[in-house]
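Checked TrEMBL, it gives:
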type     : residues : note
DOMAIN   : 158-267  : domain 'Fe2OG dioxygenase'
TRANSMEM : 366-390  : transmembrane segment
TRANSMEM : 468-486  : transmembrane segment
TRANSMEM : 506-527  : transmembrane segment
TRANSMEM : 539-560  : transmembrane segment
TRANSMEM : 572-594  : transmembrane segment
TRANSMEM : 606-624  : transmembrane segment
TRANSMEM : 630-652  : transmembrane segment
């Protein structure tokens, strides 16, 4: 198993060549390095730990009196206010951020906090400059190339976005330990370089290849890792390595809090980060703009998830009263939301299939494109309501101003979203059409191929390395789908494909599902690429931008494809209560998914999908008369469920570093 290297900085002037070579090797491979004999007085570190401990032990109402300012980046962040990993249920930590000696400090409550931070920050700045000079030499640049672009470290966000963060991970016991609870989710840092000082509790893990290695504290050492901007600068020669802080397995360590001090270094504001080798591997990005984008995603994702989850939790508690309310523990709420997600997935597919059967039986078929437009209209209305409530404190004027600033005034950020929006509309039309040709269960199991298409597009567009375990699970997934389409005749003892038995409509339905998996995979990966390239605003704003484009394309679909038919028989022709139910369930499905972000991890969501498939098999057979529960179909379905589980528990790697930059 690889280890994090240790570099001795003693007598740096005499041994700069050796130190430069060792740092270059560490940053080109593991992406992390321990520095010893770095010159920072341990007393300064101890003073910050002591002042931080005093602050974090204050009553909650006092700590909340120093809230983090989203514009200045200074202040206190409480539990669950950040989400670094989408699959996390809770990220149990607290933090206090400062960006300059004159920033926002808890002077009234902990007067020793400011002087302790400022003394340590001064030493960290000096060490950072030394590191940047060594890195510049290793990259074949002038010694001052990088340090000259970091002249205002810890001088405030007006000049530089560097943040010194005091981190506190509370003790955990009993009900705190739930599936998906972590101290800090999987993530890479955002800036140039990060300097970390840890206490002796440990828990930090670094992703090296496909393995997680422990970054255990070394007394007196500083742990250094690189951020996204340095990876962009060096065209992936240096790595922004993914890392996390897990809940300790040993009970005594769970019950002990963990402290650390992180110095997140950013280039000066206005510095454009573009590839030093002249390649276009990563698009140019401005330092502060990228930091704001990543921070807004981190905090707004957490805020939106908490608000939606809180709303669903409030509804559940409102529906129950008296003694039953006491039963709504976090565990009960989590599994309740997952049950809701499972029921929504199952019911939407079954109701859509049933609506198609009823429409055929009564000869009153609704127009598919109008159903898609209706779903998008409901979705836009819900998102607008959420923007008014979540982002604008129930003020219509604030909501209109926000939408104008984020959509109308930022057309170049909005226009790229037209691509995934168009694909989503095509996908919805394909799904509705497919369910008019194939049974609900066949749709459910075949549509799991979107996992395969997403993985392929992620490899092509994001340069992600898919671990061997995931490739094996994808092979098993394909074999499972093939098995579901095989029919065995007891009379002749011959295997044959169902397509020959079912007829042309069934084939068209399968083709539609396969096309839908392609659009789903590409649209999802394209969206992720936009986020990584810094081309998207806040989460809720991005959602409304996508939905508005979807609304536009859905309207064009009705106008161009079915305009004459709608004009003749009417827009709502064939709309039964069941059709309206389908439109509503499809529109609110995304809200339920957002609600589960707080309470569910990927494995639990996978189980929800699996249960949904099983329920679809049962109800489709008994309620809709879909006679497809053959032995081969059941075996294929089990293979698909197992492959989905294997895929969800495997780990994705980042791409291998590129060749070194030529000097």
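Backbone N, Cα and C atoms are what each Cβ position is placed from, and that goes for glycine too.
Where the annotation comes from TrEMBL, it is an automatic prediction and has not been curated.
Quick one: how deep are these features, and who are their neighbours?
Among residues of the same chain six or more beyond the transmembrane segment (506-527), those with a C-beta under 8 A of the stretch's C-beta atoms are 419-420, 423-424, 426-427, 430-431, 433-438, 442-443, 446-447, 449-450, 452-458, 461-462, 485, 498-499, 536.
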Can you name the far-off residues of the same chain, 6+ from the ends of the transmembrane segment (366-390), with a Cβ under 8 Å from a Cβ of it?
303-304, 307-308, 355, 359, 396, 399, 402-403, 425, 428-429, 432-433, 436, 540-541, 543-544, 547-548, 550-551, 554-555, 557-558, 561-562, 565-566, 571-575, 579, 582-584, 586-588, 590-591
Quick test of the contact rule: Cβ under 8 Å, at least six residues beyond the ends. What residues does that give for the transmembrane segment (539-560)?
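For the transmembrane segment (539-560), the sequence-distant neighbours (Cβ-Cβ under 8 Å, at least 6 residues beyond its ends) are 297, 300-301, 304, 367, 369-370, 372-373, 376-377, 379-380, 383-384, 386-387, 390-391, 402-403, 406-407, 414, 417-418, 420-422, 424-425, 428-429, 566, 571, 590.
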Kindly state the mean pLDDT of the domain 'Fe2OG dioxygenase' (158-267) in the predicted structure.
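For the domain 'Fe2OG dioxygenase' (158-267), the model's average pLDDT rounds to 81.
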